[in-house]
Amino acid sequence: MASTVSNTSKLEKPVSLIWGCELNEQDKTFEFKVEDDEEKCEHQLALRTVCLGDKAKDEFNIVEIVTQEEGAEKSVPIATLKPSILPMATMVGIELTPPVTFRLKAGSGPLYISGQHVAMEEDYSWAEEEDEGEAEGEEEEEEEEDQESPPKAVKRPAATKKAGQAKKKKLDKEDESSEEDSPTKKGKGAGRGRKPAAKK
């Protein structure tokens with residue numbers, strides 16, 4: 001299936017097309033590939049369902065994806081269907097980049113694979129924005145170096161010995177006055193007062 005994408009803007013929405021193929025005794029393989037287009041679009045095929053046709057025999061039908069890795073062929077089964085047990089399977093999370101080959105490994109079909117073909121225009125604007133961002137970052141660093149650093153906060157001097165003693169005397173006097181005002185305690189230890197602090 002061919003897709004058309006207009007180049008009216010750089011940030012165009014992706015074009016999504018319904019895609020499907022049939023595998024049977026005569027056509028056991030199908031290759032999904034896209035033609036090189038002038039606009040350099042990124043293509044993906046998201047599989048949705050694999051189902052058997054109404055004329056399928058009551059036998060196991062196994063469909064697999066065939067890939068070429070380092071010159072060696074590698075196959076991955078994606079569904080095993082049988083009309084009396086499981087005539088249809090829903091595919092979730094299988095997104096493939098073309099070219100992709102589907103093969104009917106076992107069974108005679110007909111077996112139908114459907115999905116969504118998405119074509120997105122490659123967006124190189126992020127590279128331009130990144131270059132601009134780096135240039136702006138360098139300018140900001142230079143401006144920061146030109147500015148003087150703010151003056152450091154001056155610490156308050158520590159309390160002197162005389163100030164500490166005066167504060168201690170004041171607290172002692174408050175303790176003595178609060179003891180005189182408080183009512184007498186009953187029970188164990190009643191009548192025992194607190195010894196006044198020695199005066200220095």
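Glycine too: its Cβ is placed from the backbone N, Cα and C atoms.
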Problem set entry | Swiss-Prot annotation (region 'Acidic tract A1') - matching range among 35-39, 80-84 | 35-39
For this session: Could you tally the C-beta atoms, other than its own, that fall within 10 angstroms of the C-beta of ASP58 (site 'Interaction between pentamers')?
Result: 9
For this session: Give me the non-local Cβ neighbours of LYS82 (site 'Interaction between pentamers'): same chain, 6+ apart in sequence, Cβ-Cβ under 8 Å, ordered along the sequence.
Result: LEU52, ASP58, GLU59, PHE60, ASN61
For this session: Specify the secondary structure state of ASP58 (site 'Interaction between pentamers') as given by DSSP, simplified to three classes.
Result: coil
